[in-house]
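Encoded as structure tokens, here's the structure I'll be asking about.
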Amino acid sequence: MIIAFFLLIQCVYCVIWPPLSVDNEVALRSQRDVSYNVSVDQLVDVGVRLSTVIFERDTYTQPYLNRVDNLLNASVGNILIDAYWDEGGFNWQLCPAPFSANVTPIADGSTILQLEWDNKQYTCDRRLDLASIFTRIDEHIRASARSVSLNLITIYMSLHSIGTQNPTPVSQPGTLSRPLVRSIDQVQILTPASLRVAQLSNSTYQGLEFDPNGYPILGELLQSRGIRVIPIILENNMYEDTSYELERDSNLYFIQNSTIDVTQTNTADTKLTDLTTNITNWTIADSQALLSESFRLVMETEEDPFSLESYTNHISHGYSPFLNRKYNESEIRQFAVNRLWSWKNSYLPEVSVPLLGDQDDSNSANETLQCASFSNLSWIISSCDEPRQVACRNSSYWLQWTVTSTLSNYYGATEACPVGTFFDIPRTPLDSMTLQREIPLNSSVWIDLNTLDSGGCWISGGAEAECPYHRVTLVSLYVEILTPSSVVSIVLIAIVVLLHFVRIPIQKNRKYWRKLQDNIKDSDGIPS
């Protein structure tokens, strides 16, 4: 009872990442699909530091771990895990205090311990470790393997030392790799070796352009190779004379400043602030300079937390913002719904065609609202019949855009582009920035995105493009419609049908039934 009450009190403060609405899912999926031909180091999404956003700074127990599922189900693409190496116990753990420290169980036989370390108090569950998080990630990977919500997860690790060094080595010390490969199939992990193979086979890129030292594109990893995870050791804050040898994990993890160069900065960087507030004077050279930097991250600090404006500015300029403090539900919801660089506010407008929109409904006011235009760094649902200028990409230099001087409806957009260009859509935030510089403020142009083939399935490829998810989407939606109440109704109908065809045994033996009725009629006791 004590443990249950303790966990209940903790969970009052659990931060719940809001689930995706249908509109959120459609928006997120269309942005992902448009980015399929983009190298994975140029992808932009919100990141979450688990130790500060999900866990309390001093509490590591199961109720908080359950909140990781919310992040994964919402397809959050970047997760930062603080891992602690117990120098005395030779093991990795999530708890910032060594279990060999001054320990007090909260109840007899409990795995939840009160620990005192470095003049701080911690509450930690012994059962909660790195494998606990990796297992949740694996469960998400398996659940979404055949789903339209397929996504890539980049796991960043920040390493710390705790405890007193033990002069006596052990035969099998812990490693970061062991819990990862025991939880997630290694074929689903991009490793330094598999990246090198891709580079040698000339299948790596920088953005949309071939680069022998670049990274695979998103579509190849997800669709062709089934890779779902990129593990990166981002920060090494361990003792200088630590007993842990980082090279043990170099075959599985990318290591910052060794096998990978992550561009990491924080909100206190005034140079970055100047960069991310520049929109009107943005140049192709600005985009090209940032493209040379891989996995661009910006971490908020206690002194300079994200505002909603700075958060969205970083996303628009190609940086993945990492949430790194405690939030209330209202704040976290604002950041969650503004995480996309494409459809602003993460929502498709209410006038959008539903996911299962009836294409034959001639009375629908939304029947022509099936095409997308671009304005003020945002995709906007528009009527396909409206005349607009057209966004055309240079065939030789992918960051160069041309906007037609003549107007066209969506159906004629492909033919409207001049020689040497083609009708296309911005596929990264930096791509959007270079297109925006060609468009007058508050004006809009056609981009190659529509839902003409199937309501809610936003695809590029012109007006004749076919939705690859139509059948899958229908099936998944019908499964969602089959709610528990529907299941109960079906079971009740089955019981009624079963009783209709199967007679109860007592009615089959009519002779015995009549004898039983006669016996009941006999008086029992003294007649009055």
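In case you wondered, yes, glycine gets a Cβ from its N, Cα and C as well.
Straight from Swiss-Prot, here's the annotation block:
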SIGNAL    1-14  signal peptide
TOPO_DOM  15-480  topological domain 'Extracellular'
CARBOHYD  Asn37  N-linked glycosylation site
CARBOHYD  Asn73  N-linked glycosylation site
CARBOHYD  Asn202  N-linked glycosylation site
CARBOHYD  Asn257  N-linked glycosylation site
CARBOHYD  Asn278  N-linked glycosylation site
CARBOHYD  Asn281  N-linked glycosylation site
CARBOHYD  Asn328  N-linked glycosylation site
CARBOHYD  Asn366  N-linked glycosylation site
CARBOHYD  Asn376  N-linked glycosylation site
CARBOHYD  Asn394  N-linked glycosylation site
CARBOHYD  Asn442  N-linked glycosylation site
TRANSMEM  481-501  transmembrane segment
TOPO_DOM  502-528  topological domain 'Cytoplasmic'
Compute the C-alpha separation of Asn281 (N-linked glycosylation site) from Asn37 (N-linked glycosylation site), stating it in Å without decimals.
27
Highest Cβ count within 10 Å among the glycosylation sites Asn257, Asn281, Asn376: which residue is it?
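Within the set of glycosylation sites, the most crowded position is Asn376.
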Here are the glycosylation sites: Asn37, Asn328, Asn394. Which has the lowest count of other Cβ atoms within 10 Å?
Asn328
C-alpha of Asn257 (N-linked glycosylation site) to C-alpha of Asn202 (N-linked glycosylation site): distance in Å?
23
What average pLDDT does the predicted model assign to the topological domain 'Extracellular' (15-480)?
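Reported value for the topological domain 'Extracellular' (15-480) is a mean pLDDT of 90.
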Would you kindly give the Cα-Cα distance separating Asn442 (N-linked glycosylation site) and Asn73 (N-linked glycosylation site), rounded to the nearest Å?
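The separation of the Cα atoms works out to 35 Å.
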Including all protein chains displayed, how many Cβ atoms other than that of Asn442 (N-linked glycosylation site) lie within 10 Å of its Cβ?
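Summing over all protein chains shown, Asn442 (N-linked glycosylation site) has 7 other Cβ atoms within 10 Å.
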Check each residue in the chain of Asn202 (N-linked glycosylation site) that is at least six apart in sequence and keep those whose C-beta is under 8 Å from its C-beta; list them in sequence order.
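In sequence order, the residues whose Cβ lies under 8 Å from that of Asn202 (N-linked glycosylation site) (at least 6 apart) are Phe210, Pro212.
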Let's check the environment of Asn73 (N-linked glycosylation site): how many other CB atoms sit within 10 Å of its CB?
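15, counting other Cβ atoms within 10 Å of Asn73 (N-linked glycosylation site).
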Could you check which of these glycosylation sites, Asn37, Asn278, Asn328, Asn376, Asn394, sit within 10 Å of Asn442 (N-linked glycosylation site), going Cα to Cα?
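Near Asn442 (N-linked glycosylation site) by Cα: Asn376.
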Can you give me the Cα-Cα distance between Asn394 (N-linked glycosylation site) and Asn278 (N-linked glycosylation site) in Å, rounded to a whole number?
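About 24 Å separates the two Cα atoms.
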